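Report on the following structure.
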Amino acid sequence: VDRAFPRSPRGLLKICRTLLALVVFLCFVSAGAYEAYTALAGMETVIGLLFVLLYLLRLDKKMRWLLWPLADILNSVIAALFLLVVCLFAIIVKSNKGTLAGGVLGLILLVLCVVDAALLCKKISFGRPRGREAPAK
């Protein structure tokens, strides 16, 4: 178990993102919003939890057959695009206060997704040496 991950900036961001996705999910469920809103928030909660567990248990180091930061960036970008559409619809339609709250919190989640993707872009080193052999800047 990587005990430093939950205290790192990336770890805190992942945990906050997952918890906020759970809150958005609960807002949409309690408001009786469209199933698409609820499904998106639920999927984002589950995927976020899986990525937190992946990094917390250091499975990304054991399963090296996939470039996990790139998969995480793709998840963040795709989630941000879907959240933009769904949350804007939720805010525009605002069938009740729960849907409106879920939409606003979903837009905050969108910002966290973009920040997460930006932090992960800095981590990926295409064409640069990795590990201890990398030259100091």
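Cβ from N, Cα, C; glycine included.
Annotated features in TrEMBL:
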DOMAIN    5-125  domain 'MARVEL'
TRANSMEM  12-31  transmembrane segment
TRANSMEM  37-57  transmembrane segment
TRANSMEM  69-93  transmembrane segment
TRANSMEM  99-121  transmembrane segment
Residues in the domain 'MARVEL' (5-125) grouped by DSSP into helix, strand and remaining coil: 105 helix, 0 strand, 16 coil
Model confidence over the domain 'MARVEL' (5-125) (mean pLDDT, whole number): 89
